[in-house]
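Taken from TrEMBL, the feature transmembrane segment covers 6-26, 33-51, 57-78, 90-112, 159-176, 188-210, 244-260, 272-292, 329-352, 358-382. The domain 'Cation/H+ exchanger transmembrane' annotation in TrEMBL covers 14-370.
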Amino acid sequence: MEGYAADLIALGLLFLAGLAADQLGARSRLPRVTLLLFCGLMAGSAGFDLIPESLAAVYPIVSVIALSMVAFLLGGELSLRTLSAHGRAIVVISLMVVMVTQLTVSAGLALIGMPLAAALIVGALATATDPAATLDVIRQGQATGDFPRRLKGIVAIDDAWGVLLFALVAVLAGAVEGNGSGPGLLGGALVEIAGSVALGLAVGLPGAYLTGRLSGGEPLRIEALGLVFLTAGLSLWLDLSYLIAGMTAGAVIVNLAHHHKRAFREIEHFEWPFMIVFFILAGATLDLGALWAVGPLLMGYVALRVLGRVMGGWAGAKLAGTAQAERPWYGPALLPQAGVAIGMALIAGDLFPQFADMITALAIGATVVFELAGPLAAAYALRRVDNNRDQSAA
C-alpha cells in the first residue's frame, strides 16, 4: 500500500493547487486555466519534477474524461433556441476563422522558406483550438450575452472542421510531394465525423428519454457519469472522436429531453476536480525545450496564427452581421490551443516523415505558448466585449 502514498499525496496537492488557482484567479483576473497550467509546468519535468511518473501516466485517460465532459456541456449549449438566434453566426465565424488561419499561416510560412507541403500541414495545425480552456475562461468570468454564447458554439463545432480540414490539406500536401499520402486520410476523416455523429445520436436519443425520470426532471449524477463514460469509451473503442460524439449527444439531449429542467447541472457539479487534474498534468507535459528547437520559426508561426485568428474572426463576424464592437475580439478569444494540434502533428509525421521532426517540435512549442497565453487573451477579449456592452447600454 505504501506504493500509492506518493500518488495520493500528489493528488491531494493537485486539488489544493486547484483551489488556490481558483481563488487567485478570482482576485487577480488571471485565468485559472493559465495558473493551473503554470503550476503543472513548475511541478513537471521542465520544473521541479514533483509529479510521480505513475500519476503522470493517468493523464491520457483523465484527458479523455475531462474533454468528454466539456463536449457534453458544449453540446448542451446548442439548443434549437440558441441555434435559431446564433446558428448562422456560429457557422460563418467558425468557418472564416478556420479558413483564414489556414491560408495566413501556410502562405506566411511558405514565403519565409518552409517547404509548401510542410507549410500546408502546419497551417492546418494552427486551426485547432482548446474547448476546455475557452469554456473555463467563460465560466470563470461569468460572461453572459451573445458573444460568449457564440464562442461556445464555435468551439463546439471546431473539432469537426479541424478533422476535415486536416484531411483535405493532407491530400494537397501529398499531391505537392508526389507521395499520394492524402486520399485515404480524407475518406477516413469523413468516416470518423459521420461515425462520431452517429454514435452521439445512438447515446443521446435513449439518454434524452430515459434520464431524469427518477428525480423529477434532474438527471442523477450517476446517470450523467454513465453517459459521459459510455460515450467516451465507445468512441475510443470504435476509433471515433469523443469530442464530436459527446457534443452530438449533448445537443440531442438538450433538445429532446423536454422533461429536464437543467440537463447538465450534475456534470457541472463534478467536472471541476477532473479539470484540475487535467490542466495541471497537461502543464506538466509541456516541453520547454521545443521552444529553443524551433525558435525563429516558432515566433513566425505564433505571429501568423494570431494574425489569422484576428482577421478571420473579424471577417466572419462582419459577414454574420454581429455587433461591430464584438468583431475584433472573436479571434483573440479563440487563441487557446491544446493537444489536438500535437495529435495532428504526429499523424502528419507518419504521412510525411521528411518533415516529422520540424512539424512535431513546432506543434509542441506552439502548444506551450498558446496554452499559457491563450486563456489570457480570451479573458481579455471577454472583458472588452463586456465593457463595450456596458458603455453602449449607458
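Cβ coordinates are placed from backbone N, Cα and C, and glycine is handled just like the others.
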Recorded stretch, among 57-78, 159-176, 244-260, 358-382, maximising Cβ pairs under 8 Å relative to the transmembrane segment (272-292): 57-78
If one takes Cβ-Cβ under 8 Å and requires six or more residues beyond its ends, the residues near the transmembrane segment (57-78) are 131-132, 135, 149, 152-153, 155-156, 200, 224, 227-229, 231-232, 235-236, 242-255, 263-264, 267-268, 271, 274-275, 277-278, 281-282, 284-285, 339
For the transmembrane segment (159-176), give me same-chain residues lying six or more residues beyond its boundaries with a C-beta closer than 8 angstroms to one of its C-beta atoms, as numbers and ranges. 94-95, 98, 102, 116-118, 120-121, 123-125, 127-129, 131, 182-183, 185-186, 188-190, 192-193, 241, 243-244, 247, 340, 344, 347-348, 351-352
